[in-house]
């Protein structure tokens, strides 16, 4: 097969591993910067051009689209889809997952347990918003934040009011969430490919922090997950219509709670921690699903 990887930086670990895994299995691979793709949208002859040339047909496309370029990145991916390329995560699913509010609404509607959460733009009554999620301590986040950026633990009511008021001054959407103390700064990252959790790690926050993101200096170890955690991770990915997802779970006294569903999970931390060839599993999923029937359905 001919496979395109959409990424702004082909030197990143995840891109290199996906390219390596695809080549090892006999496929041709090209890494394309989605921002350098430009599209001819024409009912008679749509096409995608890249750095002065018209791109050939790709059997499959692997999107590694960063949050900052979600709009144009998903538009480029959508053009590949319309030309009959199989996407490892469809553009609409990526856009849905990047919308934290919509994601939580969809997960809640499917009965997937979440931390008690309130979302507001400019709350007229900060005190009522705090009460709505059970009071302090609580976590205040910017809805648009990623990798632990724009996330604050407010341990007292006064601190919570101050943080919310400060975020409100940024004209930003605010997410207020109960703090799961018993998780002790740890979460579980489950890597889902299709209908299987192929790997799981426990991520621990660095000392003095509560954010377990590896980008923020957290540490990781292999996690043994329960059947309930496995089931909720698969259900969360399926709810978001993602074939590949990183599902972050907190272990609360009342059971596992889904924190986030990531549409473009990094492979470095979880592959190096577990020793599992996740990139290879992703390529094998593509081999099973990038069929002629898919291309005909999408118009390729």
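Cβ atoms here come from the backbone N, Cα and C positions, even for glycine.
Now, the feature entries from Swiss-Prot:
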{"type": "DOMAIN", "residues": "104-287", "note": "domain 'ATP-grasp'"}
{"type": "BINDING", "residues": "141, 178, 179, 187, 211, 212, 213", "note": "ATP binding site"}
{"type": "BINDING", "residues": "248, 260", "note": "Mn(2+) 1 binding site"}
{"type": "BINDING", "residues": "248, 260", "note": "Mg(2+) 1 binding site"}
{"type": "BINDING", "residues": "260, 262", "note": "Mn(2+) 2 binding site"}
{"type": "BINDING", "residues": "260, 262", "note": "Mg(2+) 2 binding site"}
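Taking the features listed in Swiss-Prot, we show where each one sits on the structure.
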residue	record	CB count, 10 Å
141	ATP binding site	22
178	ATP binding site	19
179	ATP binding site	17
187	ATP binding site	24
248	Mn(2+) 1 binding site	21
260	Mn(2+) 1 binding site	19
262	Mn(2+) 2 binding site	21
Using Cα positions only, nearest of the binding-site residues to residue 141 (ATP binding site) (248, 260, 262):
260
Roughly how many Å lie between the Cα atoms of residue 260 (Mn(2+) 1 binding site) and residue 187 (ATP binding site), rounded to a whole value?
11
Need one number: mean pLDDT over the domain 'ATP-grasp' (104-287).
88
Conformational class of residue 141 (ATP binding site) under the three-state DSSP mapping:
strand
